[in-house]
Amino acid sequence: MAVNYDGGQFDIVVVGAGHAGCEAALASARLGLNTLVCTINLDSIALMPCNPNIGGTAKGHLVREIDALGGEMGINIDNTFIQSRMLNTSKGPAVHSLRAQADKKSYQFRMKRILEEQENLKIRQIEVTELNVENGKVTGVVTKNGAIFKCKAVILATGTYLKGKIIIGEVSYSGGPNGLFPANDLSQSLLDLGVSLRRFKTGTPARINRRSVDFSKMIEQNGDDNIIPFSFMSENIEREQVSCYLTYTNDETRKIIRDNIGRSPIYNGSIKGVGPRYCPSIEDKIMRFPDKPQHQIFIEPEGLDTLEMYVGGFSSSLPEEVQIKMLKTLPGLENVEMMRTAYAIEYDSIDPTQLKPTLEFKDIEGLYGAGQLNGSSGYEEAGAQGLIAGINAALKIKEKEPLILTRSDAYIGVLIDDLVTKGTNEPYRMMTSRAEYRLLLRQDNADFRLTNLGYRVGLVTEERYDKFIKRKQNIENELERLKNLKVTNKKEINEFLISLNSAELRKPITFYELLQRPELDYFDLKQIDSERPELPHDVGEQINILTKYEGYIQSQLEQVAQFKKFEKKLLPKDINYSDIKGLRTEAIQKLSDIRPISIGQATRISGVSPADISVLLIYLEHYYNK
C-alpha cells in the first residue's frame, strides 16, 4: 500500500483526459484556474476508442457549439481530419450536420500538445482512487501512488474506465477500452460518498488490415469538394481526402449470427449492463430486425499512417472465431485479416439526476461529472459536458454566476437538461429530434447563439469575438440591403427568372422578397444584382436560410418566448415539496429527488402532471407575495 504524501494544491483537478476531460481542463485553465488533469495513460489523451469520426447528425451541432463557446474540439478536428462531409443536405437546414473522418493518432497528438502547452495546466499520468470530502465539500483527490492533491473542485470525466470489464463471447476480464487499464477503486469511493452507480455497456467493432480488403466489391464514398470547417476560426481548408467504403450484410452473415446467438453475452445473460439503443451490435440488429434483408457496413480508414480500418455498423461481443467468420461473409472481406477483435465493455456510471444543471453534484459541493460517467455516449456529448463542467467549476471558484444553457439556447442545453431532469436508463445519444427548437439551433448559427456568452464568460478570445462581430455585421447589412433593393419587371430579368423555372414578375418587388421563392437562392441572383458586395460563402448561406425560413423562424421564436416564461419562474432552493398542499405523492417524490431550479424544468420531469405544475404556480405566487 502506497504511503500518502502532499502532491500540491490546485484550484481544479480533472479526473480523466478523454474528450470530456480535455475540454474541462482547457476551459478551467484558460479561465485562469490552476488546473491538474490526471489520466491513467498519457498516450490515451483524447483517445478515440471506437469510431474514427467527429460530428454527424446532431453531434456536428454539438461540436459547432463547443467551438462557438471557445472549446477545442472543432479546431482540433479541422487540423486532423482526412475526409469531410455535410450530411442530410437533401433535407432542411435544421438537420444539416457536418461529419469528419479523423486521423485518430493525429487527433490525439495535437490535443495532447495543446494541453501540454496550455498555461495554468499540469498533466499527470496517475490513477485517482479516492475523493476527499469534508462537510459535504470536496477538498482533494488521492492517487494510487499515494499523492494527495488538494483542490477546490474536482471534475470526474472517467469515460468507460470505472470497473471496466471487457467481454468477448465466453471470455471476460477487467480492462479499459483499447487495451488500457481500468479504474477499479474510484467507484467504491463514490459509493462511500452516497453516489448512486449503475452499469452501462457499450462496444466497438473489429479493426481490419487494409491490404486484405477488395474495395472493387464495395461502394466508394468520397468527401465533399467544398470543405466546410467545424470551427468558425478555420478558413478555406484545402486538403487531399481519403475514401470510405460501403458494403452490406447478407443471408450468410445472418445465418452465422443466428447459429451462434447462444454464445452472445447479450443474449445469454453474461452482460448485465444496459447498452445504447441507437448503436446496437450487429447480432442485436439481426435479432431485432429479422425481416431486414441487409444492413449497411462502413469500412473507414483510421488514419494516414496506418493500414487499420474500422468496420462501422459491425459492433459485436460474439466469440473471436465467430467474428472472423461473420466478417468474411461481407462482400470485399472474403480474405479479411482481423487486427483487433470487437468487444463489449461494461462500466460504472452515475444516475445523472444527482447533478444540478451546472453538472455539479447536488449533495457534494465542488464535485462535477461529465461525459460517459453521466450516462451519455459519444465523443461530442462528452466534450460538450466537459466544457460546461470546466466553465462552471471555474466560475464557482471565482464566485460568479454559472453558465446554464437552456433548451432554446443550444443542443448542449437539451443534452444536459435531458440528463439532469429526465435521467437515462441507457447510454444517451444526442439526436435532432430531441430538440424542440431545432430550426433555431442550426449548426450554421452556433456562433450567433453562443459566442457572446463565451465572450462574457472569458473563454472566447478577442480575435474570435472580432471575427464573429464582422460576420454578424456582414449578414445584417446584406439583409438590410436586400430589403431595400428593388427588382423591376424588366424583360431581361424575367427571362433570367424563367431560365430558373421561376415565375415572371408582375410588379416591382425587393430582392429580399424575390429570394423567398423556394426555387431561387442567393447565389443564383448574383447575375442580376450588380451592387452585391463580395462576401464569404457562409454569409450567403445564412442569407438563404434567414430569408426562406423567416416565417418558421419567427414562429419558433414565439414558442421560445412562451418557454422562457416558465424558465424564469425560479423555485426556492430550500423548498419542501411535502409541505405543498395539492401535490400528488409521485410528484412530491420526483420533485424532491430532482430539485428543479425552475417551473420550466419541473414541467419536464416524468411523473409531474400539468395539475402539479398549477399547484406549484399558485404556491410560487403566494411565496413571492409574502
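Residue numbering: from 1, along the chain as shown.
Backbone N, Cα and C define each Cβ position, glycine as well.
Residues or ranges marked as FAD binding site by Swiss-Prot on the basis of sequence analysis: G16, A17, G18, H19, A20, G21. What Swiss-Prot lists as NAD(+) binding site is 275-289, and the listing cites sequence analysis.
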F289 (NAD(+) binding site), number of other Cβ atoms within 10 Å: 11
Number of other Cβ atoms within 10 Å of the Cβ of G16 (FAD binding site) across all protein chains: 32
Alpha-carbon distance [G18 (FAD binding site); E283 (NAD(+) binding site)] in Å: 28
G18 (FAD binding site) - helix vs strand vs coil (DSSP): coil
Those binding-site residues of G16, A17, H19, A20, G21 having Cα within 10 angstroms of C279 (NAD(+) binding site): none
Distance from G275 (NAD(+) binding site) back to G18 (FAD binding site), taken between C-alpha atoms, in Å: 20
A20 (FAD binding site), number of other Cβ atoms within 10 Å: 34
Nearest-integer angstrom distance between the alpha carbons (Cα) of H19 (FAD binding site) and M287 (NAD(+) binding site): 33
Site with most surrounding Cβ atoms, counting all protein chains shown within 10 Å, from the binding-site residues R277, K285: K285
Most crowded position, judged by CB atoms within 10 A, among G21, G275 as binding-site residues: G21
Check: same-chain CB within 8 A of FAD site center, minus G16, A17, G18, H19, A20, G21: V14, C22, E23, A24, T39, I45, A46, A157, G159, A370, G371, A382, G386
Those binding-site residues of G16, A20, G21 having Cα within 10 angstroms of F289 (NAD(+) binding site): none
Closest of G275, S281, K285 to G21 (FAD binding site), Cα positions, binding-site residues only: G275
Count of other CB atoms lying within 10 Å of the CB belonging to M287 (NAD(+) binding site): 17
Candidate with the highest Cβ count within 10 Å, taken from the binding-site residues H19, C279, S281, E283: H19
Reduced DSSP assignment, M287 (NAD(+) binding site): helix
Separation of alpha carbons, A20 (FAD binding site) and K285 (NAD(+) binding site) (Å): 29
